[in-house]
Amino acid sequence: MKKVSFIGNVRYLGVILIAMQGILLALLAIFMLNSSYQNQWNKYLETDYALDVHLQNISEDYKDNIEEFLHNEALEKNLFISRKDSTLNDEGARLAYTFGIYGDVENNDVSLEFYGKRIIEKDMLNKLILSEMDESTLGIDKGSVYSIGEIPSFRFGQKTIFKKLNRLIKESGTINGDYVVLGLNDSDKNAFIQGLALACNVPADNLLKEMKGSSSDDSFAKIIILVFIFAQVILNAVYFMIITIRNISKSGKLALLGWSRAAYCAETLGIFIGYAMLNIPIQIVIGILLSGWSKMTGLFISYFILFAVVNVIVVTLEIAISAIIQLSISPMNAIKGRIPKNILYIFGILAYIGVSAGIVFCGAYVDGPMKIISENARLSQSWNSVSEFQILRSISVGNDQSSITGNSKGLDQSLYDWYKGMYDDNGVYLIKTEYYDNKQLDGWKQNNVYENIPESPFWCFSYSPNYIKSLNLNVDSSIINEAKSGTRVYMIPESYSENEKVKLKNWLTESSTKRPHEGDISTVFNKEKNVKFIEYTPKDNMFTWNTESTYENTCTNPVIYICTPENMTYFESESIRANGFNGYIKFVNKAVAEKYLDKDILEKYKLNDNNLEFTNVGNYIDGLQKGLMTTIAWFGVVFLILMLILLGILIALATVFRIANQEKINVKKFLGYGFINLYRIPIIMLVSVICIELIIMLIIGSKFGFLLMLILAVTQILIFSRYMTKCEIENILMAFKGE
């Protein structure tokens with residue numbers, strides 16, 4: 001005989017909701033496993049007995065000497081040497097770790113284990129080192145044809161690749177990088193560092209300083225998944241509560257037939273715990289398939305079992321709320337359809353407050369992008385006079401992985417050479433402005449950054465000679481020629497006091513000569529360090545190219561640095577690839593930009609793979625606005641989900657109040673009581689929460705968040721009043737008719 005379900009086919013919706021929650025938890029498990037896996041690779045070979053060496057700003061002239069030293073040391077002392085690079089996509093996000101290895105595998109601990117499975121073994125690395133093909137890899141790089149071993153990865157994670165050290169150095173185009181050396185005794189480490197420093201022609205201490213770092217952040221994806229899990233939990237809890245409330249009278253009638261409340265609860269709600277347990281193997285299989293992981297172990301599978309069990313526990317907690325409600329109702333109250341209002345109030349109010357907190361967070365967060373959108377609109381107006389100027393929008397990584405990660409100056413050198421080849425042509429300008437305010441100057445004083453510090457805030461404009469000419473600033477041709485020859489020329493306004501001029505000149509000299517490194521791009525100034533100052537009388541207001549609303553758009557007395565390729569420091573020569581409003585290179589219009597972005601010219605300077613994209617100021621602002629609108633749209637979706645959940649909870653609370661107080665409401669309404677007197681308690685609660693939300697937004701200064709909370713407040717009040725007054729007359733007539 002077929003068993004009849006008390007709740008009907010609606011139970012299948014519960015099965016779907018439980019499965020959806022399980023899939024979301026499986027995705028969270030995958031992201032957490034991937035984070036753990038990437039941390040393992042990030043710390044690979046980093047042990048107490050390992051020697052970490054950081055080659056930075058080392059001239060490529062010493063590459064052969066360094067390679068020879070490393071190879072000889074590895075052979076003579078049975079060392080294992082590894083270098084770790086990051087492989088990036090065109091947007092600069094990390095796609096993979098790439099290790100270059102060489103040396104003795106047998107006598108060093110080079111293995112890596114993850115969840116009970118050896119990912120890297122000595123035989124694998126030995127096979128790679130002894131391979132006859134230099135292109136051989138462990139893991140898949142540009143194609144599987146050269147892969148001689150598998151390194152597993154997660155479907156949504158980054159890959160790991162092993163190559164021969166000499167191959168990695170050749171492909172990256174630089175000797176610079178982060179190296180780990182295994183096999184040295186403590187007494188031998190100093191001798192190794194001294195020998196390597198000699199090969200690099202740098203002080204030994206420089207090799208032990210880590211000047212950079214990299215990480216892969218998947219926190220945003222985790223936050224999105226957690227938001228969906230939270231929404232799913234609320235949805236499930238509401239579903240189980242609806243099941244309970246809809247069948248209250250049925251439970252009372254069954255009690256008359258001898259059913260206990262616990263038995264009825266097990267029959268209507270307990271079955272969902274059974275469904276969650278049946279879902280365990282399904283969730284495990286789905287999780288493993290979604291992970292893309294190929295090295296199965298019992299420990300690895302147990303992680304998905306754990307999250308499947310978590311799903312059962314979460315479902316049990318979701319059901320527990322409804323079960324408590326069901327168990328607290330007496331059979332007589334159940335028959336009459338009376339519900340335990342106090343318990344429902346507690347759960348409902350807690351859920352309402354929790355969701356409200358999430359909405360407040362979303363509203364406050366979106367205020368940031370909205371302010372930027374408003375600021376960009378202001379920029380669009382204030383920059384109208386230069387709206388056709390072309391600025392660098394983006395630059396792709398191309399074949400310059402090592403330059404983006406900081407191991408090479410190859411891309412900086414190419415861009416410098418490209419600019420040097422056109423810097424004096426009409427319409428090709430270098431423009432960079434900077435305002436040094438009191439906060440900046442005070443910071444220098446407190447941290448003793450410079451011995452000489454200007455006493456007052458000032459603007460400093462870096463202009464190319466041809467842009468100075470276009471502004472009709474009268475500068476003697478001999479001064480321009482000195483700047484082109486490598487002398488760093490600064491124009492100081494005559495309006496400055498003598499004391500201001502002295503301090504300013506001292507700081508400009510100190511700051512421009514403070515940090516030369518051998519690996520810096522070679523310029524005449526870096527070698528000779530000649531600085532010259534001239535005074536000028538400002539005539540017209542000059543556009544500041546300012547992006548901050550707190551500063552003026554024009555200035556009458558800036559310090560002007562006449563910038564040429566030969567008088568640049570590392571700061572300018574290595575900042576040419578800066579993009580956006582703060583970029584250095586600007587073309588006067590699209591035609592000039594297209595001339596110098598010709599593929600033949602870019603190929604000449606090894607920039608044809610970097611996809612340099614210039615756009616006018618107006619289009620760049622439009623692009624920023626679209627990106628910000630996308631961010632706002634994402635948070636808008638989250639806000640909308642939370643708002644719908646909040647309105648659902650509000651309606652649920654209103655329903656509980658109306659059902660629990662229907663008789664009182666009918667009598668008061670019949671006697672002529674108004675809306676506020678009928679629903680005073682829920683109105684007070686609703687208004688209190690709304691006021692708290694609005695006050696929070698005022699305190700944190702979120703204008704857009706305040707507007708969102710105001711809209712949400714009006715929406716809640718309208719829906720609440722509409723819902724509570726719906727069919728009021730019919731309810732009264734039915735109540736009196738029933739009596």
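Indices start at 1 and increase along the chain as displayed.
Yeah, the Cβs are placed from backbone N, Cα and C, and that goes for glycine too.
Positions annotated as transmembrane segment by TrEMBL: 12-33 (among others). Sequence-distant contacts of the transmembrane segment (12-33) (same chain, six or more residues past either end, CB-CB distance under 8 Å): 115, 154-156, 218, 221-222, 225-226, 228-229, 232-233, 235-236, 239-240, 243, 272, 275-276, 279, 282-283, 286-287, 290-291, 293, 303-304, 306-308, 310-311, 314-315.
As annotated by TrEMBL, transmembrane segment applies to 223-248 (among others).
Sequence-distant contacts of the transmembrane segment (269-293) (same chain, six or more residues past either end, CB-CB distance under 8 Å): 5, 11, 14-15, 18-19, 22-23, 25-27, 29-30, 33, 152-156, 240, 243-244, 300-301, 304-305, 307-309, 311-312, 315-316, 319, 322-323, 326. The transmembrane segment annotation in TrEMBL covers 269-293 (among others).
Among the features that TrEMBL reports, transmembrane segment is placed at 299-321 (among others).
Positions annotated as transmembrane segment by TrEMBL: 342-366 (among others).
For 632-657 (among others), the entry in TrEMBL reads transmembrane segment.
Taken from TrEMBL, the feature transmembrane segment covers 678-700 (among others). Away from its own ends, the transmembrane segment (678-700) comes close to residues 349, 352-353, 356, 359-360, 363-364, 650, 653-654, 657, 665, 668-669, 706, 709-710, 712-713, 716-717, 720, 724 of its chain (Cβ-Cβ under 8 Å, at least six residues beyond either end).
The transmembrane segment annotation in TrEMBL covers 706-724 (among others).
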Tertiary contacts of the transmembrane segment (342-366) (same chain, 6+ residues out, Cβ under 8 Å): 230, 234, 237, 321, 324-325, 328, 632, 635-636, 638-639, 642-643, 645-646, 649-650, 652-653, 656, 685, 689, 693, 696-697, 700, 702, 704-706, 708-709, 712
Positions on the same chain near the transmembrane segment (223-248), where near means CB under 8 A and six or more residues out: 6-7, 10, 13-14, 17-18, 20-21, 24-25, 27-28, 31, 268-269, 272, 314-315, 318-319, 321-323, 325-326, 329, 334, 337-339, 351, 355, 358, 638, 641-642, 645, 648-649, 652
